[in-house]
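See below for the structure under consideration.
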Amino acid sequence: MALTTPAPSRRRPRPGQWAAWAFLAPVSLYLLVFYAYPLYRNVELSLRNYTVRSFVRGDAPFAGFGNYLKVFADPTFGPALWHTVVFTVVSLVFQFTIGLALALFFTKNFPLSATLRALFLVPWLLPLIVSASTWSWLLNSESGVVNAALGVLGLGPVNWLTSPDWSLWSVTVANIWIGVPFNLVVLYSGLQAIPAAVYEAAALDGANGRQRFWRITFPLLRPVSAITLLLGLVYTLKVFDIIWIMTRGGPSGSSTTFATWSYRLGFGNLVPSFGPGAAVGNLLIVMALVFGLVYIRTLHRRAPS
Amino acid sequence: MRRVKTAIGLVLTAVMLFPVYWMVNVSFTRDADLRRDPPNWFPVHGTLEGYRAVLDQQLPYLATSLVVGLGTVVLTLVVAAPAAYSLARLRPKGGGMLGFLLLTAQMIPGIIMAMGFYAVFLSAGVLNTVPGLIVADSTLAVPFAVLMLAAFMSGLPEELLQAARVDGAGTVRTFRSIVLPLSRNALVTVSLFAFLWAWSDFVFASTLDQGGDHQPITLGIYHYIGHNNQEWNAIMATAVVASIPAAVLLVIAQRYVAAGVTAGAVKD
């Protein structure tokens, strides 16, 4: 973390630690009250049998891991896990590939390239509810432009959002669209950091475009790629808005992920089940940690070769 | 060759932004034409009915979002700026640990925070209130703000801060009179992002402000869709209006936006 620990200089005396921590006091307090405490309450929620009434009175009976067992045994668990994995992996693969292709394209400076690159940010900046409702209308079964275009090609209309076979793919496509700009911008800045001299040397040695990509760009871009994918992973696992707004996880659970399942348990029904909802949420954190660790390990194992 | 590249670039951008174009197109389309097959590629019989509906029904939502956004910016800056200064310049013991905590804090799924906040807010009696929503929304921006500002402040020229010290300025004075003015660009960027995130937030709004008297625009749109509303031109017109802050952000701070995205990724 370069930003927090600049090399200590011996020339001047260290300013008082009390001053440093006085400046940190607000953020420390903030983290305790608005991060740690809600998280603690969330864990507590998952370990007790909460109902609306006991929620208000605060006397919910302790349930141990009962909520977790309930969640594991729920018929939604298997499909939700599978959907979360598919949604995350497919989104990441396409976001990264398309983002990298676009980043490579934009490194060639051509007229308007800076402006067009900026315009590519629009999907990422739009409020998710805007993107999600726009995609809902694009993919509308009867009046959507996507089905109209398919009709021109002689293909039948597809029930993108209302058929269990398609709903997960539809929300995935929308999510890829939203994630491409992030990958583009980060990978582009990574490409900019590769010194031009390396390419010139390779060109002198007679390397062709393909060789230059696989032998220079790809290996040198690995650290940036790794961080892009890791962040993409964390961001994708927690995607909730898009799916909820487009399909509410349906029809009949066909696009339910852990995030939407947790929301539905806690807030989506008339009778909320906070305990299981919080349990699913905590499983999501565990999942992020596991995925992250596995990913970091594979990176480390591959690095020495 | 360069012209060909520009042409390809234009086509790619057009494909990418087609959904945005379609949103604008539909927002100007008459109800009668919404279900035409094939759909109109341009608003042939353009209408402002959708926008009239926005003016009639959505203004309170927009006002709430504005207040929530501005409140989030203030809260974020008040918490983040001193912390960033300390992390970047005062080298507190344990600062690295704090930086790491902030980095991981960003990765907690919103739905989990929402559920925790729901429990906390219910006990504290701030459920369905604007201040409650501001606090929750600020958690989207504070970690990013601290890390981004710290990165910027650690790049400030040491001579200036030293000169201030020689002139007898204390830590607080240096922060207020030297560091803050010099960090203006970074502060603007952070404020814009904080505003945009608060403005766009749906998770916290739909969980913590479901029954509130003052609801943000994201819930305005959500109710629109939820009530099985078929007036898609009104929905899309609201969506266009709700996108204005993003457009403003892109126009006035294009450079900083890209810098912000990258800082978000390559912070460590």
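Here the Cβ of each residue, glycine as well, is placed from N, Cα and C on the backbone.
Where the annotation comes from TrEMBL, it is an automatic prediction and has not been curated.
Model, not experiment: these values are computed from the prediction.
Not one residue of the same chain 6+ positions outside the transmembrane segment (A:18-37) places its C-beta atom under 8 angstroms from a C-beta of that stretch. Taken from TrEMBL, the feature transmembrane segment covers A:18-37 (among others).
Residues annotated as transmembrane segment in TrEMBL: A:80-106 (among others). Listed as Cβ neighbours of the transmembrane segment (A:80-106) (distance under 8 Å, sequence separation of 6 or more from its ends, same chain) are residues 113, 116-117, 120, 168, 171-172, 175-176, 179-184, 186-188, 190-191, 213, 217, 225, 228-229, 232-233, 236-237, 239, 243, 253-259, 261, 280, 287, 291.
The domain 'ABC transmembrane type-1' annotation in TrEMBL covers A:81-295.
Taken from TrEMBL, the feature transmembrane segment applies to A:118-138 (among others).
Per TrEMBL, transmembrane segment is recorded for A:166-188 (among others). Same-chain residues lying 6 or more positions outside the transmembrane segment (A:166-188) and placing a CB less than 8 Å from one of its CB atoms are 83, 86-87, 90-91, 94-96, 98-100, 102-103, 106-107, 117, 120-125, 128, 131-132, 135, 139, 158-160, 221, 224-225, 227-228, 231-232, 235-236, 239, 242-243, 246-247, 250-251, 254-255.
The transmembrane segment annotation in TrEMBL covers A:220-246 (among others).
Per TrEMBL, transmembrane segment is recorded for A:274-296 (among others).
Residues 102, 144-146, 161, 170, 173-174, 177-182, 184-185, 241-242, 245-246 of the same chain sit 6 or more residues outside the transmembrane segment (A:118-138) yet have a Cβ under 8 Å from a Cβ within it.
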